[in-house]
Amino acid sequence: MKRSGNPGAEATNSSVAGPDCCGGLGNIDFRQADFCVMTRLLGYVDPLDPSFVAAVVTITFNPLYWNVVARWEHKTRKLSRAFGSPYLACYSLSVTILLLNFLRSHCFMQAMLSQPRMESLDTPAAYSLGLTLLGLGVVLVLSSFFALGFTGTFLGDYFGILKEARVTVFPFNILDNPMYWGSTANYLGWAIMPFTAEIYRQKASGSHKRS
């Protein structure tokens with residue numbers, strides 16, 4: 001057999017022909033994977049619960065709705081023409097946004113009440129963290145509203161209702177989209193904070209069953 005004159009050729013050829021790092025995904029035996037963490041997390045979420053589904057749908061739909069409508073208005077001006085004024089059109093959109101936000105908050109609270117709770121969250125530290133997030137969220141949302149004004153908050157720029165200059169005061173000078181971040185902090189705070197009444201209701205129910 002004729003050997004290659006390059007001593008590194010065989011090593012190069014074998015490395016090319018061999019499997020990639022870790023043997024590739026095809027060599028992974030998923031039967032040996034430990035899914036205990038995922039199983040434990042899924043124990044605290046019932047994705048088939050109607051309240052959970054409603055919360056997911058409203059959380060997903062709301063920003064999609066107002067962004068699509070606002071961009072459509074910006075391109076066509078059909079809402080402004082239909083209402084006879086860009087201000088009336090903006091106010092009308094704001095009413096639908098507020099109603100959808102109330103519905104979203106209601107669905108979120110119902111989902112939180114119906115879902116199992118992690119015992120590790122029923123602590124003073126978790127409660128304090130939830131309160132902190134709520135406080136931060138309220139500050140961001142309210143300061144954003146006062147900085148933008150009513151029409152600025154409810155997408156007035158898409159209706160041609162513009163300010164003299166772009167808003168750069170607090171909280172817009174520290175982060176982009178502070179109202180979205182504030183809303184996220186609010187919902188995360190509510191999710192972390194234990195529902196004290198529900199906890200004691202379950203405790204009383206358990207004591208009644210044992211007796």
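The backbone N, Cα and C atoms fix where each Cβ goes, and this holds for glycine too.
Unlike curated records, TrEMBL annotations are generated automatically.
What TrEMBL says about this one:
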type: BINDING; residues: Gly135, Leu136, Gly137; note: S-adenosyl-L-methionine binding site
type: INTRAMEM; residues: 50-70; note: intramembrane segment
type: TOPO_DOM; residues: 1-49; note: topological domain 'Lumenal'
type: TOPO_DOM; residues: 71-82; note: topological domain 'Lumenal'
type: TOPO_DOM; residues: 104-130; note: topological domain 'Cytoplasmic'
type: TOPO_DOM; residues: 152-194; note: topological domain 'Lumenal'
type: TOPO_DOM; residues: 194-211; note: topological domain 'Cytoplasmic'
type: TRANSMEM; residues: 48-66; note: transmembrane segment
type: TRANSMEM; residues: 86-103; note: transmembrane segment
type: TRANSMEM; residues: 124-148; note: transmembrane segment
Query raised in the report: Near the Cβ of Gly135 (S-adenosyl-L-methionine binding site), how many other Cβ atoms are there if near means within 10 Å?
Result: 13
Report summary line: Tertiary contacts of the topological domain 'Lumenal' (71-82), defined by C-beta under 8 angstroms and 6+ residue spacing from its ends, are 89, 92-93, 158-160
Report task. Using Cβ-Cβ distances, find the residues under 8 Å from Gly137 (S-adenosyl-L-methionine binding site) that belong to the same chain and are at least 6 apart in sequence, listing them in sequence order. Result -> Trp181, Gly182, Ser183, Thr184, Ala185, Asn186, Tyr187, Leu188, Gly189
Query raised in the report: With DSSP helix as H/G/I and strand as E/B, how many residues of the topological domain 'Lumenal' (71-82) fall in helix, strand and coil?
Result: 11 helix, 0 strand, 1 coil
Query raised in the report: What parts of the chain pack near the topological domain 'Lumenal' (152-194), using Cβ distances under 8 Å and only residues at least 6 beyond its ends?
Result: 66, 70-71, 73-74, 77, 79-80, 86-87, 89-91, 93-94, 97, 108-109, 112, 117, 121-122, 126-127, 129-134, 136-141, 143-145
Query raised in the report: Over all shown protein chains, what is the count of other CB atoms within 10 A of the CB belonging to Leu136 (S-adenosyl-L-methionine binding site)?
Result: 16
